[in-house]
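These notes concern the structure reproduced below.
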């Protein structure tokens, strides 16, 4: 048979050689070298590291292949095996001695299946791992023995992938040629690498056999052998798989880097306040770019500094991002999400706050109502803590009383008492009248829009004058009922329990008019009345339940702390499991001591509590950061001048938070131009070792109010001689601070004028200097006097005298009408006509 026209357009026949080699080297993990050898009229197909196939009668083949993957190469080997199997068939062997066959191979160059004849050549192997393969198979068979390979060999081009399911050989009976067709796809581009595998077999009529052997694959050929290509007249070297793979990886990285460098614009969620670092992370921008944008707005900030939402929005927009505002405070909405319906509201006990001036009988009144003796337990006989009590009345009704201190230092406590109350009972002593704290209580009640009920106490006193008190109330827009107004006024005596029943009736009447109701089935909420730290029980908070029912095990938020309610104790020191609206109770279980006046609320779970507390802490920090950032120039100058002041360092420890707050407020009112009071640490609890360490390091004084010192701290304080002061009455503590500040003040200097002298002559004395000859015109001049030298009514010197002489003798005093010699200390610019005034300096201890 003849092949189709080759590239020159001519017909060409190929002779069957005695030996056929399949390729030179195949670069894959599985196939290292593939070739055929002739053994005694048999053909052996040997694939190193793979398998061996032998046949006594086979068909000469030549395969040009471009291999992309190992699987595609395996398909080529499968094709060769099928060709060899056909060579063993009876039909082929019957005709093999009398004919020569040519297997024509076509190369598809276009999609319209145009073909050309391709001459057989020695194999050239090239491999491209990311492009499709092409194959051309051309076989020629002619019976001949021991012939060499034809030297007329040219490269084979554009061979495509073979499909394994198509027939490879077709048997044509009574014909002198056999055609092997392959499926050929489109030609590859110029960058494709051709892999040519030459397959030649020796055709004999002997019986065929298949031999499979395993070859040792341990020897790995060198790259120079594996990738060596054969050309018609010279050898050349191509790139290795590793090099191609590195090049492809480099290209991929380049594409990825280009994708990364392409800026992505985002929708940035910005809360009320945000740090510079967090803003940069949310925008995926460099910190340097964000800082530069801030500088353009005239803002100098570090990465941890907080900026407001408006500034953050300007930065985000300037960098090309869109902005979506959100509020972190949304987490607290769960505390107010449920609303009470009218049907869920039930009557509750009124909450009464007792207010008035100190020593007007507020606590004594509560003792009389509760039949207790609280006042005897108060230091100095005055109330220094806010207290809450529940009084059960004979008619199965109850009233909750809140007792507030009357001392001026406890203004904040009275303010809180007015805010949580329903009715203010203003206690005024009939023998003392309206005082400053009485007026303050009236103002607090009016500010809180709380009705006032006046109780004129001590009507049993000899000098009591209730009518005078009623008339004095008119000056503060409080008009009693008997004077035509709406304010209930009840004269009482707490000490002798006079008219206490009338006071209770007036309270209940006013409460009925207010229609006080609450929902007992809701989640509990209320207000912190007082808080403290106990060395055995931990944090204890006195709270007033204003809504819902508080139970043991509830998750409670109080200020910046939260916790599970472990125990509840009522005002009678009894442990209870439930607290209903208007009930005051002490609770244990909070993680952090709350401030008096903080709101408390029960939440569903610990996760909600933690998110709310984290928000509150973060908000407080951001507000502090903004406060520091927005400090004015005047404040900076004030701080700079404050550094020149003397400093009194204090550490304050109290039993409850209300007392701590009152003492700090009172100390801050002690202001002067020389001494600055610095409270290094103020907390609730006993004096501990860390307080001692801080006091020693800063030379501070520890002030303890109704607290003690623990044993470890006591030993350390005694060893280091730490200054610790203990007080149980707020008056004494404030007086000590004032005294300490006064002791640090510079004494007051007084100049007492004593006399005047006129300079009438100046004498230059060797080794002494200038001596002024003076005449005392007024008063007297003493040796220890301070003098001022005046010239043209201007002071040119002020200082002590060096010597005072009368003639040549030293003297202590020279009186008016006498002459004397005066030498000034280290000053010699004295002229005739100058005036010397003498005065005595006296010091007086400064007081606040």
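Including glycine, each Cβ sits where the backbone N, Cα and C put it.
Residues annotated as GTP binding site in Swiss-Prot: 356-363, 403-407, 457-460. Among the features that Swiss-Prot reports, compositional bias 'Polar residues' is placed at 112-139. As annotated by Swiss-Prot, domain 'tr-type G' applies to 347-517. Residues or ranges marked as region 'Disordered' in Swiss-Prot: 106-150. The annotation region 'G1' is assigned in Swiss-Prot to 356-363 on the grounds of similarity to another entry. Marked as region 'G2' by Swiss-Prot: 381-385. Residues annotated as region 'G3' in Swiss-Prot, with similarity to another entry given as evidence: 403-406. Feature annotation from Swiss-Prot assigns region 'G4' to 457-460; the stated evidence is similarity to another entry.
Shown here: features listed in Swiss-Prot, placed on the structure.
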| residue | record | CB count, 10 Å |
| --- | --- | --- |
| 356 | GTP binding site | 28 |
| 359 | GTP binding site | 17 |
| 362 | GTP binding site | 29 |
| 404 | GTP binding site | 30 |
| 459 | GTP binding site | 19 |
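Taken through DSSP, the region 'G1' (356-363) splits into 2 helix, 1 strand, 5 coil. Residue 404 (GTP binding site) falls within neither a helix nor a strand when secondary structure is assigned with DSSP, and so counts as coil.
For the region 'G4' (457-460), the DSSP counts in helix, strand and coil order read 0 helix, 1 strand, 3 coil. Averaged over the region 'G4' (457-460), the predicted model reaches a pLDDT of 89.
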